[in-house]
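For reference, the structure discussed in these notes is given below.
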There are 4 protein chains.
Amino acid sequence: MDSPLIVVNFKTYAQGTGEAAVGIATACRDVAEEAGVTIGVAPQLCDIYRVSSQVDVPVYAQHVDGVSPGSNTGHVMASCVQQAGAVGSLINHSERRLNLADIEASVRAARAEGLTTIVCTNNIPTTAAAAALDPEYVAVEPPELIGTGVPVSQADPDVVRGSVEAVKKINPDVQVLCGAGISRGEDLIAAMELGSVGVLLASGIVKAEDPRSALEDLVSQL
Amino acid sequence: MDSPLIVVNFKTYAQGTGEAAVGIATACRDVAEEAGVTIGVAPQLCDIYRVSSQVDVPVYAQHVDGVSPGSNTGHVMASCVQQAGAVGSLINHSERRLNLADIEASVRAARAEGLTTIVCTNNIPTTAAAAALDPEYVAVEPPELIGTGVPVSQADPDVVRGSVEAVKKINPDVQVLCGAGISRGEDLIAAMELGSVGVLLASGIVKAEDPRSALEDLVSQL
Amino acid sequence: MDSPLIVVNFKTYAQGTGEAAVGIATACRDVAEEAGVTIGVAPQLCDIYRVSSQVDVPVYAQHVDGVSPGSNTGHVMASCVQQAGAVGSLINHSERRLNLADIEASVRAARAEGLTTIVCTNNIPTTAAAAALDPEYVAVEPPELIGTGVPVSQADPDVVRGSVEAVKKINPDVQVLCGAGISRGEDLIAAMELGSVGVLLASGIVKAEDPRSALEDLVSQL
Amino acid sequence: MDSPLIVVNFKTYAQGTGEAAVGIATACRDVAEEAGVTIGVAPQLCDIYRVSSQVDVPVYAQHVDGVSPGSNTGHVMASCVQQAGAVGSLINHSERRLNLADIEASVRAARAEGLTTIVCTNNIPTTAAAAALDPEYVAVEPPELIGTGVPVSQADPDVVRGSVEAVKKINPDVQVLCGAGISRGEDLIAAMELGSVGVLLASGIVKAEDPRSALEDLVSQL
């Protein structure tokens, strides 16, 4: 089993905002080093520069728009994200949905800046559709499981298995992450046994009483 | 060459609103009968029942949401569209974009009511993505050509050819329509020679001085 | 106490779709006549023509866009709504929010077609803001109470009172309706005693076992 | 005439992204100091921390959402913006429209963090509506003039005058800025003579060959 990709989404949790974001990112870097795995962090947009300039950790944006330089007030341009120190971006998270044309434009714009793209989807058909847009990763997260603590690998293993199969047919260059309800070491192993190459997780780490312990538990069974 | 599918989108043109919608739908039916082809019409949502109850023509909605019965004020439910007399719906037209999860839900909801689904897209990758959602048709329309009178088959034949190829690989059950700038008989022939099975058109017919003549010209070379 | 305005929103309830919409509209008309009050109905967009052409009842659209004749596929144009037989429209319902510029454009477009406008809002400041756009009515509905059966007049009378006061200051030509959780005669009376001139209601009537009885109860205390 | 508020919106201009944002912000600070006026800057979200930690200049976000700590991936939380060093935010810019309920929530959330709020609007009625939400500033910008170089004070002085009057009636605590097409000293003076207290401007400075000279020209007639 290859080393997985783990991405911790800070959402807009108070525990992952501002200087606290730097703290959790530091914990992610430390645990990643100890365990010899890759743990990326996805802080809020306004925290990307602060985190990336202080912690040696792969930083992902939570969202990027498909806009070019120009009149796009309030939008998130890939080159700005990249210059702020991010290495990639989530796109189309269930809490920040985009229309299809915009997902495609975002993937294209992010790729042009050398950013790794993770397109989030909600079921097997949308995962297949996202794979056709040629991102590096598709992260399938049934919205009804997000934040529940019930891992998708347990509640609905078929959506992960089916997503992996569908992606293989459509575009074998794309890899599948799985999200929603993941927080423990066994969830990560289960996710990988279903064919995913890693996980997207959030509250299980960021809102944990002790994020460092939660991260150590997460990687304990690799 | 099989008989093409022709769908005339009335948009919110004054010339295709209310009783005028019935008039253009009647012209579509007459020309279709004379030429032995199928011409569908896509009037505004509030005109579907009026047209379908007065003219024997396949009626398409311009938009349908993926909602189920419930608290969805102002949304367009597939079963309502179907009960109003429509046989299908456009989904994700460039003037009414949906997010990816909603396109998938719309296709699924429409199919459950027996409606034919035509998902509109803007380029080859989004066409491929839409095909993965398993609609009956994908209609590729480069937005920059819509309403120009310059047919996509002439301005950008590769987007049609590429769309047809991409769809064949992803999901051969799906057929490709092409739109944007189509209005004349030679445009329709050109579109079909590029591998599409029909066309989506709008201003070229609805805003024509004489819609019936425009329709007759459109089918003249079949 | 003047005769109230009562508007029954059919949402996308199965019980208010298609021919069933005609049935409930008929009940509304009958009870309105018996009680000497005005009961309007807001069926789905695709049902407006069907209802208005069969039942002599004031029909409202659930939504209208601010678009003019042109390239606006899937949008709801005021003149189409009017030609389909509607006398007015809800605008900005909590299930179909619009941005501020679009609310203003919708109110203006609807007014230009002689449609009565009811802008929905969620609290006192947004009610005040909506009043500045000069619609005929603002309907304040705290979203957390919609569909609960707990009437706003009881759960949060201050939001109704405060809305009435705020509107009086900003634009005394505008009248306040109240919605959310309304279903019974006493709720209507309570709403009017708080200064509103009528109510917007939905599930309490449309999903009632016997809509006609529910309507009779609603107007029983006038 | 009081000292005006000048806010330079960097949009997603390449000339105002990343390290270049720091450069323009520095020019703004220098010119502001020399002229004894206040010039704020609104860089992209990912550049707020970088600019605020390097340049002593009032930084505004280009957009803020009304969200609280929680599951809001990709959203812009007021407390994050504040911790990144911003002192205020644009809200509802014409390139980043929000629905009415969200504008109200954004103003409220921003105010709770001590951020100065500037709600952008497109005409007199929406300016009046925005004033009812009690922000510090409303910035009226007819969208058709944005980026044209034709100042609103010249092309449509009545929209500024009318906005000032409408705001005075609705909520005299709110002050009016004006935007769209502003770039030169005489535009600023004209804007203030029409009753506004400052300007929002963008391309005229950020895309100028020499932004520092452009800023010096802007404040030259005060």
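Keep in mind that glycine also has a Cβ here, set from the backbone N, Cα and C atoms.
Per TrEMBL, the feature active site, electrophile maps to C:HIS93. There are 30 other CB atoms within 10 A of the CB of C:HIS93 (active site, electrophile), with all protein chains counted.
Following the DSSP three-state reduction, the secondary structure of C:GLU141 (active site, proton acceptor) is coil. The active site, proton acceptor annotation in TrEMBL covers C:GLU141.
Taken from TrEMBL, the feature substrate binding site covers C:ASN9, C:PHE10, C:LYS11, C:ILE146, C:GLY181, C:ALA202, C:SER203. Note: C:LYS11 (substrate binding site) has non-local neighbours C:GLN62, C:GLU95, C:ALA202, C:SER203, C:VAL206, i.e. same-chain residues 6+ apart with C-beta under 8 A of its own C-beta.
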Pairwise CA distance, C:PHE10 (substrate binding site) versus C:HIS93 (active site, electrophile), rounded so that it is a whole Å: 13
Separation of alpha carbons, C:HIS93 (active site, electrophile) and C:GLU141 (active site, proton acceptor) (Å): 9
Most crowded position, judged by CB atoms within 10 A, among C:ASN9, C:SER203 as binding-site residues: C:ASN9
Coarse DSSP state, helix versus strand versus coil, of C:ASN9 (substrate binding site): strand
C-beta crowding around C:ALA202 (substrate binding site), within 10 angstroms: 27
Helix, strand or coil at C:SER203 (substrate binding site) [DSSP, three-state]: helix
Same chain, 6+ residues apart, C-beta under 8 Å of the C-beta of C:ILE146 (substrate binding site), given in sequence order: C:SER94, C:GLY179, C:ALA180, C:GLY181, C:ALA202
Within reach of chain B, those recorded positions of C:PHE10, C:HIS93, C:GLU141, CB-CB under 8 Å: C:HIS93
Maximum Cα-Cα separation in Å among residues C:ASN9, C:PHE10, C:LYS11, C:ILE146, C:GLY181, C:ALA202, C:SER203, which the record lists as binding substrate: 14
